[in-house]
Number of protein chains: 2
Amino acid sequence: MEKVLVIGHRNPDTDSICSALAYAHLKKELGVNAEAVRLGEVNKETAYALDYFNLETPRFIEKVDEDVKEVILVDHNEFQQSVSNISDVRIAEVIDHHRVANFETKDPLYFRVEPVGCTATILNKMYKEHQVEIPKHIAGLMVSAIISDSLLFKSPTCTDEDIKAAKELAKIAEVDLDVYGLEMLKAGTDLKDKSMDELLANDAKTFDMNGHKVEINQINAVDLEEVYEKQAEFEKAIKTHVDKNNLSLYLLVVTDILNSNSDVLAIGTESKKVEQAFHVTLTNNRALLKGVVSRKKQIVPNLTDAFNG
Amino acid sequence: MEKVLVIGHRNPDTDSICSALAYAHLKKELGVNAEAVRLGEVNKETAYALDYFNLETPRFIEKVDEDVKEVILVDHNEFQQSVSNISDVRIAEVIDHHRVANFETKDPLYFRVEPVGCTATILNKMYKEHQVEIPKHIAGLMVSAIISDSLLFKSPTCTDEDIKAAKELAKIAEVDLDVYGLEMLKAGTDLKDKSMDELLANDAKTFDMNGHKVEINQINAVDLEEVYEKQAEFEKAIKTHVDKNNLSLYLLVVTDILNSNSDVLAIGTESKKVEQAFHVTLTNNRALLKGVVSRKKQIVPNLTDAFNG
């Protein structure tokens, strides 16, 4: 049977890795020869989840293998966030919870995007729709994805559906949401052993905003100042990255997972757009965005408006 | 409560009108202030269905009313097929069964595209998911949409899901699929009162094929010869249209809904491509394409290959 790859986005986060694995499992149960793959290194948070539930890291690919004709995208739909040769393969399905943009197919497909906090929340419904039981380790991955994307339900992207799904999945996975959740999130804030290049690529996504290339990278932390001890080093590396990639703006978002604020560092010719977008003043290229923890619901829409305004 | 408009595509067909009405009904049952609207004249087939189930034609709009902030798109997602000021409003949902292209939002949304033959087939599932009962007249509209899009299940775009949904809906609507279906399709083949310009614009779509501008217009008929009584008049009007719009090919596809064949009239410098595409010989600019009824699945792909070959 022809193989179908299940692919999360570049610079994968916990949802991209775990939902790829969870959906590949569901497809296999439904008789499809599906394999979850990843487009980058797994972060420490994801590694914690995989280790806890005793699962192997998916295979890394740079591009879709030549003998593969079909792929399924999870947790993303914009082509620039996907595998490099995405235009050469048939996209059979998309399961996602982000805005829809920069996506195009020749043929109809199964395209399911819902405005919930996490791809795994949609997958939880799909398991039910197909009446397939979720095994303990897969439920563990799915609840990890929801905890990660919702910052343990503190993010404004989190919906009642996410909370309900997480509770169901935690039960199957036999974990205490608060205890397991905080341990997993904390594991992700461990930045030691990371090179500056790794930190910059951490969870970076590129967006087109009114013709401007904008890259936004989010790092979770329990101690913001500890991250910014390296500010000078960050700025130097970011400037090089901005020049090399013709970015109009690179925004580093350091998110305090305990207090739900973000301290951002803005570099690029369009850094003033950050001031307009959030009604703040950048001091030493930085600003504290109170109550801002979501790139998708808070940062991208506000910045997009500032670029279009 | 803020009003949400449910919008089908321009040059609306039966699915676009009926699915807008059927989905607006479901949303209202779920507590949303939804109104179905239309972007063009209803055709005679649709008018037959509305009349049969005693429903009013949705309100015509040229653009989204100024006080409306949210819309739901059914049966389309490409912006050029939608209302002119689509970029100025928030798209809350898309329910569709076409390819995804030329679509973009700032925010996550509910975007549901499935590779089935008709939007109403997806809506049938959604009624079940929300456990809302489908009233008789709404079921009538939904089964009409499926009959229309599938040419009573004869189109290669028709899936098992469409047939299953149509059978369920026909039962609720208390109609015999074959009897009602054929009457409705026949109503759509009534070409009298139509000017030559209206006939040429009927269901015309333009495609780029390897740099050539190709326009394909489909007309359903029960008596092909009756349509071609006007062949000389058609040819004259088409030639003027071809010159005016720099078309390489205008293909009039007259589809015999009883026998599932199409008799095509090809005008333009590239009319030979029709011969290559379908292995036929044009006689008097016409050829019978046996078993060909779908522009999307049969005509466009074969012609595209001929232009690329």
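For all residues, glycine too, the Cβ spot is worked out from N, Cα and C.
As the structure is a computational prediction, the values presented were derived from the model and not from experiment.
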Co-listed Mn(2+) 2-binding residue [TrEMBL; alongside B:D15, B:D75, B:D149] among B:H97, B:H130, B:H137: B:H97
Secondary-structure category, per DSSP, in which B:H97 (Mn(2+) 2 binding site) falls: coil
C-alpha spacing of B:D149 (Mn(2+) 2 binding site) relative to B:D13 (Mn(2+) 1 binding site), in angstrom: 9
Cα-Cα distance linking B:D75 (Mn(2+) 1 binding site) and B:D15 (Mn(2+) 2 binding site), given in Å to the nearest integer: 7
Neighbour count (Cβ, 10 Å) for B:H97 (Mn(2+) 2 binding site): 27
Sequence-distant neighbours of B:D75 (Mn(2+) 1 binding site) in its chain (C-beta under 8 A, six or more apart): B:G8, B:H9, B:D13, B:D15, B:S16, B:S19, B:A20, B:I95, B:D96, B:H97, B:H98, B:T119
Environment of B:D15, B:D75, B:H97, B:D149, the listed Mn(2+) 2 site - residues of the same chain whose CB lies within 8 A of the CB centroid: B:D13, B:S16, B:S19, B:D96, B:H98, B:G117, B:C118, B:T119, B:A120, B:A145
Intrachain C-beta neighbours of B:D149 (Mn(2+) 2 binding site), sequence separation six or more, cut-off 8 angstroms: B:D13, B:T14, B:D15, B:G117, B:C118, B:A120, B:S155, B:T157, B:C158, B:D162
For the binding-site residues B:H9, B:D13, B:D15, the one whose C-beta sees the most other C-beta atoms within 10 angstroms: B:D15
Summary of DSSP states over the domain 'DHHA2' (B:181-307), given as helix, strand and coil counts: 53 helix, 36 strand, 38 coil
